Every structure is written in C-alpha cells, then in structure tokens.
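The block underneath contains the structure these notes are about, expressed in structure tokens.
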Amino acid sequence: MVLTTAFGGVLVAVALFFLWNTWTYVSQYRTISSVDPDATPTMQPGETVTLTGRARVSESAPTPDPRGDAERTDDSDGTDGTEDADDADAGVVAWRIRRRKRKRRGTSSSGSGRRGRRYKWSTERGGLEVGDLEIESDAGTVALDPDATKELMPGGATFGTADPWDSAGLHLGEPDIDTRIDDPRDIGPDLPVDINVGPLSTGERSRFQVSRIDDGDQVIAHGELEMGDDGLTLTEGSSASLVLANGSIGDLIGRLRMEIAKNVLFALVLLAFAAATFAGYVDVS
C-alpha cells in the first residue's frame, strides 16, 4: 500500500513538472503571438523587446567533434551532412549524441511466444556552444549576451549531459545535421539477428545531431536590453526571460503550440495513471 501510494505521488510530481513546462510555453506563446510586426521598440536599456532580424556572426561558435573513439560514417546519400553547414559562420550550435538501444519485452499479446522489441533513444551527451552574435533588426542592431544564452541549456551552462532540445527558451526546430556515428562496441551492424554479450551489441546505434544559427539566418529573440561596453545587449532580465529561435514568428508559434500540446498530453496521461493508482486499479507492490 505504501509503495503504491509513493508511486502515485511520483506520477503526480512528474505531471506537475510537465504542467509547469506548459505554463512556460503558454507565457512565451502569448508574448510572441502579441508582437506587432509594425511596432518599433525605443531600444532603451531596461526595455523588454522581441526582435526579428538577421543573425550577424563576428566570431563562430565551435562545433564539437562527436567521434572521440567512435568513427563517423556517411549517411545513405554518401555524405555526413556537414559540408554545407561548415561553409557558414555559426553563432549558436546546439548538439547532442543520441544512442538507440534495443530492448526486449515480454511475450507478445498474440500468444505466439515471440518476444517483442522496441527501440529507445536517449541523449548521452549534449551541449550548447555560443559565439559572438548580433541581431540586425529594423529597430537596430544589438548583441546577444553569450553567457545568458549558454544558460538556456537545461541545468545551466555546465550541465553537460542535458539535452538542448529540452530547453524552454531555445527553439531551433529539428536538427539540421543528423548523421550516424559508429561505436566500436557495435559489432556486425547489418546482421539479421541481435547479439548482446556484455558491452558488445548489434542492437545499439549512435547519432550526432546539430542545429545551428548561422550568419544571415532569420532569428527571433526576446529579452531585456542592457547597456554593455560595446552598446546594447539582449539578455535575461528580471521581468523578461531570454528566448531565442530561428525562422519566422509563425514558425516559432507553431513550435510553441506543439510543445504546449505535448506537455499537456503527458501531464494528463500521468495524472490518469496516478488516479488509477490511488483508486487501487494499479498495484505496484
């Protein structure tokens, strides 16, 4: 009974986390959707602004080498997808290494006795690299605070195992680069059967994914203006959270709607399971 109650409490806590995320995205949605494209900010220190314009990169952000001990391999089209991206200066680079693990489940519902399989992707490493970036808008050109931008990484700039795609303030869409990297622990990747012996497995794959804001890209940034040594800087303020996205306002609004729907769905599912647990329909003892 105690274990069941504790399990239900954990479900409620996780559901509240998703609801908190929902509120964050709803707040951003209201702010972005209310932007008047014809309005011109006064561009004064302390002002909360939403700027749309072009990214201007004076110093590129580094793109990490995902390979380490692993060897990058070409995708099916014969390229790894990085050649064109390397031609432009990147102001912001969000990256992660995802590993797919094949897990075996119990007997299938058909009663055939076969064990079902499912794939689970998890982020093993991730990061957010920031260079010197300015936003050139109709209202003026402002620098983007690199330290505040790094803090958009979930858990802060030093939390290297987080996933930048989970950030509530960073919206870069689907990865621009998605390339496979071979892991030396993988043996016989094309074998028709899975072999799992200790660390050796044919059921695991790794992918290196990157989204970038390059010089000349269309960007949207929301935050508070402050006066720096070289002029105005857009940063995190006491009354304005820093939000950075690529694309148009319409693109960002669509992404925010998707995040709101996803988080609400997760929260409702978890609350339903929690209610079933407290009602005695789910027993984890």
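Our numbering is plain: 1 for the first residue shown, then up by one each step along the chain.
In case you wondered, yes, glycine gets a Cβ from its N, Cα and C as well.
Listed in TrEMBL for this protein:
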type     : residues : note
TRANSMEM : 6-26     : transmembrane segment
REGION   : 35-120   : region 'Disordered'
COMPBIAS : 41-51    : compositional bias 'Polar residues'
COMPBIAS : 66-75    : compositional bias 'Basic and acidic residues'
COMPBIAS : 76-89    : compositional bias 'Acidic residues'
COMPBIAS : 96-106   : compositional bias 'Basic residues'
TRANSMEM : 264-282  : transmembrane segment
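Remark: secondary structure over the compositional bias 'Polar residues' (41-51) totals 0 helix, 4 strand, 7 coil, with classes taken from DSSP. Sequence-remote contacts of a segment are chain residues at least 6 beyond its ends whose Cβ falls under 8 Å from one of its Cβ atoms, and for the transmembrane segment (6-26) they are 168, 256, 259-260, 263-264, 266-268, 270-271, 273-274, 277-278, 282, 284. Remote same-chain partners of the transmembrane segment (264-282), defined as residues 6 or more beyond its termini with a Cβ less than 8 Å from a stretch Cβ, comprise 4-5, 7-9, 11-12, 14-16, 18-19, 22.
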